[in-house]
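*Asks:* Pasting the feature list from TrEMBL:
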type	residues	note
SIGNAL	1-17	signal peptide
DOMAIN	154-388	domain 'Peptidase S8/S53'
ACT_SITE	160	active site, charge relay system
ACT_SITE	190	active site, charge relay system
ACT_SITE	358	active site, charge relay system
C-alpha cells in the first residue's frame, strides 16, 4: 500500500475494506465543511472516521453541527488534506485564518415618536437626518424612536472578545453563551463596548433586547477563523432552540460581528450565509483599513456580495471616516467616531470613548433589533436588509465614487420614513409602502 494512505483512509467503494490506520498527529488547522447539497451528505463522525479521527481526538478542535451547516476544524497533515480533496461530499477545506477585532482609537416627520435625553451623539444621528454639532464626547444628545419596545424579545449575539455582563447598562439582560477558551471574562473591553451601543440602557439603540456574548477573540482582540465559525455554530443552535421555547418572548436573532481578517475567508462567509438562511440577521463591520471592504471577512459577506449588512463609519458631520473601508460590499454607514459606550470594571459604571467601524456596526445591529417588532421584517433577513437601506438617508458620496447611505431608524428619515409600524413589501417585491393608519 503506498505511503499516501499511511495515516488516513479514504472511504470509497474500494477503500472501505482497508483497516483504519492510526492518525499522525500535528499539522496545520483546517476548517472542513460538508456539502449539504450532496445526494447523500455524510455525518461529521463519518468524515472523521475516514481520517482515522474522532470527535474527542486532541487534533479535533471544533465540531460544527447545526441546522445550517456541518463540519469540523482539525489539525491535519498533507496526507489527510489529499484525501479530503478527493471526497465529493466535502464542499470546503480551508486553512484556518487569523482574525481580530477592528482597531479602535481612543479619541420623524410622520408618526408620533418618543425621545430619550442624555444620549450619545450616535443615537441622535440615527434618528435624525441632520449632522451633529457640539462635543461628540458628551452625553448631550437626544434619541428619538417610534416604538417603545426597543428590541424587546430580540436576542442580540455579540461575537467578540466577551461581555462584562454585570455592567449597569445591561441590567439582567446580558449573559455569556459561549467562550472558545472557557474564560467568559471580557479582558479586552471591545465586546462590552460594542454591546453597550447595540443594546445598553441609556447608551444603546435597542435597550430592551437580550444580549448574548459569544467569545471568539482573545484578550488581545485576536483569534482564528475556526473559533469564529464555532461561535456562529453556537448562535444557530441557540436560535433554533429559542424558536421552540414558549417560556420567554422571542421575536428573532441578530448576530453582530465587529472583527476582520486580512483577506476574504470563504469559510466565514459561508457560515454567515448559512446563518442568514437559518433566519438570523447578521450585521458586520466594514473594516478600518481605508480600502475596499470586499478585501476582508466578514465584510465581504455584505453589500452586493452577500446577505449580511456591512457597516462603514461616519463622523459627526456625516462624512466618511478616514479609516473606514468602502465599496460595493458596504451597505451603509453609521456613527463610528468618538462613540461613548460601556467598559469593564469599576462596579459596572465605566464608559469609554472609542472610534472604528466596530463602533458603527452595533448602531445598525440595534436598528435591526428595533425593527424586529414588525413580524414580517423579523422573519425575513433579506427584507430587513431592504428596510434598513430604505429608511436610511442619502448623504452624498463616499469619496471613492460610491453613494453613501446613512443608517437611520426611520423615525426622522424624511419622506417615507414612517418608522417600522405598518411596513410591508411593495408591489413586485420592490421597496416598501405604508399600510394601515
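Note that Cβ sites are derived from N, Cα and C of the backbone, with glycine treated the same way.
Source: prediction; values computed, not measured.
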*Asks:* Between residue 358 (active site, charge relay system) and residue 160 (active site, charge relay system), how many Å separate their Cα atoms?
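*Replies:* The separation of the Cα atoms works out to 10 Å.
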*Asks:* Would you mind reading off the Cα separation of residue 160 (active site, charge relay system) from residue 190 (active site, charge relay system), to the nearest angstrom?
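*Replies:* Their Cα atoms are separated by 7 Å.
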*Asks:* Across all the protein chains here, work out how many other Cβ atoms are within 10 Å of the Cβ of residue 160 (active site, charge relay system).
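*Replies:* Total other Cβ atoms inside 10 Å, all chains included: 30.
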*Asks:* Could you tally the C-beta atoms, other than its own, that fall within 10 angstroms of the C-beta of residue 190 (active site, charge relay system)?
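*Replies:* Excluding its own Cβ, the number within 10 Å is 25.
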*Asks:* Suppose we draw a 10 Å sphere around the Cβ of residue 358 (active site, charge relay system). How many other Cβ atoms does it contain, all chains included?
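*Replies:* Looking across every protein chain shown, the total is 32.
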*Asks:* Which whole-number mean pLDDT does the model give the domain 'Peptidase S8/S53' (154-388)?
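*Replies:* Across the domain 'Peptidase S8/S53' (154-388), the average pLDDT comes out at 97.
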